[in-house]
Amino acid sequence: MEIFIENIQDKIEITDEILELMEKAIKMCLEHEKFEYPYEVSIILTDNEKIREINYEQRNIDKPTDVLSFPIVDMYDGVIKSSQGDFDLDEGRIILGDILISMEKAKEQSMEYGHSFERELIFLLTHGVFHLLGYDHDTPEREKKMFEKQEAILKSLNLERN
């Protein structure tokens, strides 16, 4: 498995402990789903301005958001629908996709919701990972299922709501 985390913002300090927590959370999401394939996932930590630009380019919404996911493999609720995904043939890995997280939004929302920055960051990260795995919140049932999965990971990491 390969996890790439790139920090392209300078507004919020990202410590080694935060990076380790992020990697652990990603691995836990995939283990929770019993994802058996070698994989690659890229995380980009950005600021409000950059995520606003990308949100506008990709979704025609001209405002910053907290997290954006760009899945590469066609999945639905954790199951690969098509084998036409992107594979790294040299390494034999499935490239799941990219997740962008606004560190400014994560900080703002942690203060708004009254919990730690780490909890909010990992909530957003797991949200993005489950989107890469084909989960969505487009119906009440699917939303409940997705958020239950996120909360299970947060609970395992002792990052429950206060």
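Backbone N, Cα and C define each Cβ position, glycine as well.
Residues or ranges marked as Zn(2+) binding site in Swiss-Prot: His127, His131, His137. Same-chain residues at least 6 positions away in sequence with a Cβ under 8 Å from that of His131 (Zn(2+) binding site) are, in sequence order, Ser69, Pro71, Ile99. The secondary structure of His131 (Zn(2+) binding site), as reduced to three states from DSSP, is helical.
For the binding-site residues given as His127, His137, the lowest number of other CB atoms within 10 Å of the residue's CB is seen at His137. Sitting within 8 Å of the Cβ centre of His127, His131, His137, and not among those site residues for Zn(2+), are the Cβ atoms of Val67, Ser69, Gly128, Phe130, Tyr135, Asp136, Met146, Gln150.
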